[in-house]
């Protein structure tokens, strides 16, 4: 079974957490694309969605699903997204698609974070197989890079990428993260950092793993 097929299995299983007559939070990325495709089958049962990226907004609208601004809602029942890496405790690295800041904002509005992954994204230690994205205000890029080196990482400027917020991304390689919550706060305290791709403060409440045997749900 291909990775794409496993993503579709996880995305289909996530529909069970969507309650009728609610506005849901939707992330971004390849697994979320599969979820939005699946969501179209029950679009008449929900009020709409708040999207974490322009790309997801466009896809939702193309499916005929109403898109709300984050400032229009007081809270969300669920936020549904993928991850680049996830631990058994629900801590994640996200931001491969450069939408990490908006993903943090929308996920913070939700009572529950539902994370959809295929089995290749499961790790014991964050940073083991995927670099950590850090969104940075452009003028602070070099300063932030030096601070990340001091923390033990190897930052690389993601050339040609500008976030939906007009900022740049540094991808931090060779960076095993043994204390995700502490490191999330440490990096966010560097002047010029908008946010980083560690999701430990807002961890996943439910993990859906797409496998060849079907969807495995971890609560």
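Keep in mind that glycine also has a Cβ here, set from the backbone N, Cα and C atoms.
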- line: Out of 47, 111, 121, Swiss-Prot lists as part of the substrate site with 28, 29, 30, 31, 81, 82, 83, 84, 94, 95, 96, 97 the residue 121
Statement: Judged by other C-beta atoms within 10 Å of its C-beta, the most isolated of the binding-site residues 28, 30 is 30
Statement: Cβ-Cβ distance under 8 Å, sequence separation of 6 or more, same chain as residue 83 (substrate binding site); the residues meeting this, in order, are 92, 93, 94, 115, 117, 121, 199, 204
- prompt: Since the record lists 81, 103 as recorded positions, which of them has the fewest other Cβ atoms within 10 Å of its Cβ?
  reply: 81
Field: Longest CA-CA distance among 28, 29, 30, 31, 81, 82, 83, 84, 94, 95, 96, 97, 121, per record bound to substrate, angstrom
entry: 16
